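For reference, TrEMBL has these:
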REPEAT    132-166  repeat 'PPR'
REPEAT    167-201  repeat 'PPR'
REPEAT    202-236  repeat 'PPR'
REPEAT    237-271  repeat 'PPR'
REPEAT    272-306  repeat 'PPR'
REPEAT    307-341  repeat 'PPR'
REPEAT    342-376  repeat 'PPR'
REPEAT    411-445  repeat 'PPR'
REPEAT    446-480  repeat 'PPR'
REPEAT    481-515  repeat 'PPR'
REPEAT    516-550  repeat 'PPR'
């Protein structure tokens with residue numbers, strides 16, 4: 001079966017993938033509204049001669065798909081049985097219990113059976129059962145999250161035709177989906193539709209649009225957009241102005257941000273603690289301490305009193321500028337103000353001490369964290385990894401070893417988590433340095449650890465080094481597992497090298513490894529990311545026919561990538 005996978009790709013197709021180097025990121029692909037069609041879905045159901053509503057419909061109940069054994073396979077079968085029963089009874093002209101049908105729709109979405117969820121919605125409408133706005137919005141939101149915004153927009157129109165009008169929250173899902181996928185112009189058109197229908201945009205609507213505008217076109221364009229919104233009768237609130245304030249700061253235009261901030265009252269808004277924190281962060285990271293102190297002195301009152309975030313901004317910026325004594329003083333002031341510090345409060349100080357090679361101070365900070373019941377996190381591990389960059393690998397290892405003992409976790413699990421954490425943050429070199437020390441103390445990397453290292457190397461673009469891990473494992477008589485191959489294949493696909501991922505797949509087969517459903521899913525997504533949609537659809541169809549991927553996987557991929 002596995003070897004046949006490559007056989008399905010013709011030499012021309014395989015060569016085409018090998019030669020292709022440019023990535024086609026899924027999130028940047030907005031579905032073409034002209035090419036997407038509901039003919040296979042909504043319209044087909046409406047036109048079906050089998051669906052007729054009897055003059056006196058009887059309301060039926062669905063079989064219980066929630067009870068019984070907790071085995072996932074059994075749950076999936078019961079859920080599918082409930083869907084088929086819904087389809088059969090509506091085909092006979094009966095109406096479902098609206099609560100049960102709505103719950104079925106939710107559960108189909110939660111198990112990634114989006115196409116069936118859409119079909120369930122269509123059948124409910126055809127039977128004369130009107131779903132509530134919450135379930136409509138939920139389904140639209142699920143489609144948008146999967147990148148099928150064009151399909152979602154058509155579904156909104158169809159539902160409206162049959163008496164299920166969208167609300168502001170529904171439109172917000174469309175706006176956010178379009179903004180996330182880089183289609184600001186379409187988002188503005190959706191906003192116009194919303195206002196023409198008499199619906200009132202809310203804080204979320206404006207936030208999505210303005211954030212997309214400053215990221216896509218710059219903050220000046222976002223300001224002009226806000227002016228247009230106001231001219232059309234829109235009523236943005238303080239959150240909208242905070243979004244623009246963030247835009248100025250992210251572009252490094254702190255002076256203009258301060259001026260914009262000072263003009264908030266003239267716009268009818270008093271700045272809140274979020275507004276102050278945005279400006280304070282820019283001031284502090286530029287070392288403008290006197291201005292920051294003046295700003296801090298203004299932070300009094302119910303809506304603008306300093307928060308944990310305020311203190312963390314001060315601590316991290318002071319530590320970044322090497323003023324660790326002042327950062328520690330702010331930390332103590334934070335405690336006196338009855339705020340509980342978190343790992344984010346300590347990590348910048350620890351990182352700076354590591355950079356300065358002050359190991360004793362690092363240990364003291366960590367002891368204080370443990371004493372105050374502040375659990376170290378990924379940021380803490382990456383802060384400690386700075387010691388490796390300073391050539392103090394053994395010192396770093398001893399600190400990690402001590403930290404593991406104090407947290408009362410098994411050394412193996414702790415080391416595994418540390419390595420994984422460092423690799424997730426692209427700190428793979430430090431991970432390998434620490435791994436060497438850990439192995440001298442008896443730690444043996446397991447499959448999970450090796451997969452973390454492979455992913456980390458791929459993340460940093462070190463693809464040859466990621467492949468070399470397999471050679472090292474085999475030289476040490478440690479046989480790779482399928483999860484290791486999956487990690488490499490996924491890393492190569494994410495690095496825009498689907499051609500190499502197919503080579504690894506072929507090598508894996510020749511060595512006698514049996515791919516699993518995850519392997520095939522990664523490869524189909526990799527092919528789809530290369531914009532070879534016909535090929536992806538063909539391979540997915542063949543995989544399903546040969547029973548190596550489940551129907552739920554097929555439905556998710558088909559919906560996500562708009563595969564036929």
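Backbone N, Cα and C define each Cβ position, glycine as well.
A Cβ distance under 8 Å defines the sequence-distant neighbours of the repeat 'PPR' (307-341), meaning residues of its chain 6+ beyond its ends; these are 273, 276-277, 280-281, 284-285, 287, 292, 296, 299, 348-349, 351-353, 356, 361, 372, 374.
Here the repeat 'PPR' (132-166) is broken down by DSSP into helix, strand and coil counts: 26 helix, 0 strand, 9 coil.
Per-residue confidence over the repeat 'PPR' (272-306) averages 95 (mean pLDDT, predicted model).
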